[in-house]
Structure formats: structure tokens, C-alpha cells
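What TrEMBL says about this protein:
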BINDING   A:Asp33, A:Thr47, A:Asp78  Mg(2+) 4 binding site
BINDING   A:Asp33, A:Asp78, A:Asp213  Mg(2+) 3 binding site
BINDING   A:Thr48, A:Asp49, A:Asp126  Mg(2+) 1 binding site
BINDING   A:Asp49, A:Asp78  Mg(2+) 2 binding site
BINDING   A:His56, A:Glu259, A:Trp301  substrate binding site
BINDING   A:Tyr108, A:Gly125, A:Asp126, A:Arg151, A:Ser215  ATP binding site
BINDING   A:Asp216  Mg(2+) 5 binding site
DOMAIN    A:31-141  domain 'PurM-like N-terminal'
DOMAIN    A:155-243  domain 'PurM-like C-terminal'
Number of protein chains: 2
Amino acid sequence: MGTIGDVGEFGLIARLTRRLPQGPDVRLGPGDDAAVISAPDGRVVATTDLLVEGRHFRRDWSGPYDIGRKAAAQNLADVVAMGARPTALLVGFAAPPDTEAGWAERLYDGLADECRVAGASVAGGDVVGAPGITLAITALGDLGGAAPLTRSGARPGDVVAVRGRLGHAAAGLALLTGGRDGPAELIAAHRRPEPPYAAGEEARSHGATALLDVSDGLVQDLGHLAGASGVRIEIDSSAVPVPAILGPDGLLHALTGGEDHAFAGTFPPDAVLPSSWTVIGTAREGAGVRVDGREPPTGAWDHFPT
Amino acid sequence: MGTIGDVGEFGLIARLTRRLPQGPDVRLGPGDDAAVISAPDGRVVATTDLLVEGRHFRRDWSGPYDIGRKAAAQNLADVVAMGARPTALLVGFAAPPDTEAGWAERLYDGLADECRVAGASVAGGDVVGAPGITLAITALGDLGGAAPLTRSGARPGDVVAVRGRLGHAAAGLALLTGGRDGPAELIAAHRRPEPPYAAGEEARSHGATALLDVSDGLVQDLGHLAGASGVRIEIDSSAVPVPAILGPDGLLHALTGGEDHAFAGTFPPDAVLPSSWTVIGTAREGAGVRVDGREPPTGAWDHFPT
């Protein structure tokens, strides 16, 4: 099949676009100056992330399909964390000309499949040459007439609950870093997060006062929520789900590991949550995050390591 | 002030966000999982571009402010080329930790100022560490109830017209490549395009059947329009605006040079266009682009040079 340098920019775009089925929210898909996507609410939720090879993914640790799934998932989760329904992704793809065109195709297959899981489509994008591989993903979504679930709505007395896996991706990354290839479930969790996309709608229908997706680590992300809401978040570590597979560092992974894209929210004290949600703490007057009354462990992701 | 590694991810985000005034279309700006932007039309126009240092800009040829202006301009122009009003940008910024924080601040000043010219705001984004500087810009816009101006609506008999500078950025780039620093007007055109943002509304109100922005070069971009519309575009080279400052290669620059972000459109034969538009040709039955009846010159931008 050859490299993307062989097939050229427009050849590559044609190959990739062919793999991107367009859902009903896409009024005008790839091929024009811009895409047109439905926004029936009259507002659009929009978020963007850059993923850089060597920082956010490694081609020797993850295949292109999983890199695509994960890149889409982390942005779709941001849209869901606003209480919105994802509608579309735009994908910027930078790669060296000697990258195999088949590698790029499998990447886009992963992007398209994760979109399908969340009910969205890849509606447009850009491909450029670059020394390394970089993905720029923008996700759009629709609020369906509801107020966005921000980080700033938590009130003292609210309960704090989570939905989705915690610490699995971090434990998997620790295994790969240590040169190990199992347990397979943890490696898979690092390679391909499975955000519970239903969490946004569930949180909204149960009166959530604030919601976010756990991308940098539970303690760090709840710290952002605490700061934006002007509350202190108190976590009871014994309530945090730590399955045995996470190993001896399980609680640390669950508290500080990012990239599982679980959802954490606050709810009124009398909220009756579905069993898929686990109450792990309470919002109080004050500031910051406490775990069992103490300063929490650190170990969160640093985007600019020196 | 120090490097972005010194100030850290969240310190950098705080510094940059402070420089981004939020216009009325931004319902929720930077700081949450996603931004919320007005989309009164019920549809949103969305486009994304990646700009890679060394490929799309050089820090020794352009300062951060101009890089920001240009990065914003090329995406805002794509929104206008759909006949839409730009509302917001999302900006992904990847940079090495040793990048000066002040450099990043001036970049964002440029992004914000270009947005202001077009009536939009920088509503959100992402900052990450990377070996080189990469910008990922997503622009959003609103159609105001009108049909999008696509590339596929040109019909045989339509006139082809352009609005904005052609060849200036390419001539400026040729000067810089040759180690020259003047004429200043051409260097400035390379550093900071000035898309005539009013062109989208003007084209719409004069019945344009197709519109695009000239990013890769007039001949190449009209080739895309011809292909999408199923027509042949015939250009009369004597009608193409080639000011003397473009020098002996002026016509070649005007036909093949990109990055000025002029607009090219097709209009019904009886359209009476404002003087800011120049009629340069006609759409006919057939395929491809002809200049004075011949195969056009090549020389367009290749995204994957080998």
C-alpha cells in the first residue's frame, strides 16, 4: 500500500474519508472548507486535545487502532462530562511522510469505531506532514436544552460519586513501563479506555450539581472541581473501588491515575443513585481535597516534565 | 518570566486564559471539560488545521504574535468560506518545556486579536509538552439560517470572481527563502495574511453558487471547486490581479501561491458584484482548470514532500 508520502495528501484524505461513515448529525462532512454539524440546542459544546507521540502514546506499546479509540474516547468523555450528547469529532493528523498509509487507516478505523460507540461521527479534519505523529482532536456535542454540568456547581453537603474504572490505565502503564505485558486487562485498559458514556445523561437525570471526567487522576481532578466550586472534597478511601487486580499500589493508582476517563460528580445529599455509581465522599465548606482527613497522595500527570 | 516548564501546565493556562477576552457568543469559556458556544442557527460550522513548526511557520521568520494572527486567520477564513460568521476558536498548543512563557503569551495575543477582527473569541483549548511547537486550531461559526456555501454549487455559465490578495504571501515566502527582507509589504503578507472576512456575507448576498478560501493556491483550490461542482473553470490570466510589487514571477505567484486566504467564488452570469470582487473567469461544461485555454502552471503546496 505504501507510505502516506507515496499516496500524497489528497490520496491519503480520500483513503481516510472513505472509512468515516457520517451519522445524521453531520449535515456536511469532509471535503469542503468546513463541516456543518447539527446543534439543535442552539449552543454547541466544544473541546480539543493534542496527543503527541512519545508523551501521550507510544507506537511500540499501542497499535494504531487503539490509539485512535483512546484519542476519540478522551475527547468524547469531555463532552459527556458537560452533560452533553457527542455529535462529531474533527481530527488533525500530523505524521512523517514515511508512515505507512495502512497505519493511518487503522488509526481512523479506531477513531470512527469509538465515535460509533458514543453516537458521534468524524466529520472533518486536516492531514499534514511533520517530524513526529501528533493528533489534534476536537469533539462537539449538544446539550439538548439542559444547563451544562460544569465543575463549579458543587455545594457543601453534596455527595461525591464516581462511575467507571479508576486506576486501571495507570496500573497498565506502570506494567508497560516495567517491561511487563500482563495482566492483560490492565494493559488493555491503558491502551483503550472505556468511558461509560451514559454517565452524563445519568448524572443529569439524578440532579448532579457538578461533573467532570477523570483524565489527570481522581484527586487532581476533584481538586479542580473543589476549586471551581469553592468547596472541600473529602474522600473516604475505603469507599473508593480498588479491585484486587490493581495490585499492592491499587489505591494509589485509583487516587492518582488518569486516563481511564471515569466520571466524578457531586449530587444533592438525598440523591438516590443507580448502582453503577459509587459514593466515595462528601463536599464540605473549605478548600482542597482530603483523603481520610489527610493531604492526598500526589503523583499526577505533569504535562511539562523538566 | 521564565519558561513554560517553569510556570507549569496550570500556570501557563492561567497566564494565557487571562489574555483571551470572551465575546457574547461564548456561554462558557476556558476552565471546564469543554466550552459552550452559541449556535443560534441550530447547526455549527466547524473546521480544524494543524500548524507544525518548520513546515507551516518558522520562528526565525515570524514572531509569535504574527504566527498567532496567521494561525487564527487561516481557520477563520475557512468558516467565512462557508458563508458563516465565525464565533469561536479552540486552540491546542504543543511546545517544548524550554519555550519562553512570554513567547506563548504573544502567540495568544495574536490569536485573540485576529479573532477580534473577525468577531470571534478563543473559547478553549489544550496545552501540552512536545519536542516541537505545533498549533491545532479549530474554528466554529454560525450560518444565520442560510445554506452553507459549498464547493459543489458552481454551474456552467457562472462567473468566477476573487476577493482579496493573491500571490503576496508566496512572493514574501520566496523572498525569505532567498535570504531577502523586502519589499516589506510582501514579507508582511507572508507573516500575517489579511483575509477579507466580509467576503462570506458579500458572496452570499450576491447569490454565490460556490465559495472557498484560497489556501493552497488559486489554480489548485479552483481545481477542487471544479471537481466538486463537476465543471471546468476557465481563467483569463489578464484579468487576474497582479500588482507590480509581485515582481517578474507575479502571475505565477498569483496563480499558484497559497496562504493569502483570498476568497474565490462562482456567481450567476447576471450577478452585479461589488468593486472589491474581480471577475477572473467562467465556469463551463467539462472538468479541471484552464488558464488562457491551456493546462495551468503547477507549483502548489505539497503537504508530504519526500
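Cβ coordinates are placed from backbone N, Cα and C, and glycine is handled just like the others.
Across the structure, A:Asp213 (Mg(2+) 3 binding site) and A:Asp78 (Mg(2+) 4 binding site) place their CA atoms 6 angstrom apart. Residue environment of A:Asp126 (Mg(2+) 1 binding site) contains 23 other Cβ atoms, counted within 10 Å of its Cβ in all protein chains. Taking CA atoms as the reference points, A:Asp216 (Mg(2+) 5 binding site) and A:Arg151 (ATP binding site) are 15 Å apart.
Chain B lies within reach of A:Thr47, A:Asp49, A:Asp78, A:Asp126, taking the binding-site residues A:Thr47, A:Asp49, A:Asp78, A:Tyr108, A:Asp126, A:Asp216 and requiring a CB-CB distance under 8 A.
DSSP assigns A:Asp78 (Mg(2+) 4 binding site) to a helix.
Mean pLDDT, taken over the domain 'PurM-like N-terminal' (A:31-141), works out to 97 on the 0 to 100 scale. With the fewest other Cβ atoms inside 10 Å of its Cβ, the least crowded of the binding-site residues A:His56, A:Arg151 in this structure is A:His56.
The binding-site residues shown are A:Asp33, A:Thr48, A:His56; of these, the one with its CA atom nearest the CA of A:Gly125 (ATP binding site) is A:Asp33. Note: the CA-CA distance between A:Ser215 (ATP binding site) and A:Glu259 (substrate binding site) rounds to 5 Å. For the pair formed by A:Asp33 (Mg(2+) 4 binding site) and A:Thr48 (Mg(2+) 1 binding site), distance between Cα atoms is given as 19 Å, rounded to the nearest Å. Listed in sequence order, A:Thr47, A:Asp49, A:Ala139, A:Asp213, A:Ser215 are the same-chain residues six or more apart from A:Asp78 (Mg(2+) 4 binding site) with CB atoms under 8 A from its CB. Look at A:Asp216 (Mg(2+) 5 binding site): DSSP puts it in coil.
Look at the domain 'PurM-like N-terminal' (A:31-141): DSSP puts its residues at 35 helix, 45 strand, 31 coil.
Using Cα positions, the member of the binding-site residues A:His56, A:Tyr108, A:Arg151, A:Glu259 nearest to A:Asp126 (Mg(2+) 1 binding site) is identified as A:Tyr108. Taking Cβ-Cβ distances under 8 Å and a sequence gap of 6 or more within the same chain, the neighbours of A:Tyr108 (ATP binding site) are A:Leu16, A:Arg19, A:Leu20, A:Gly68, A:Val91, A:Val122.
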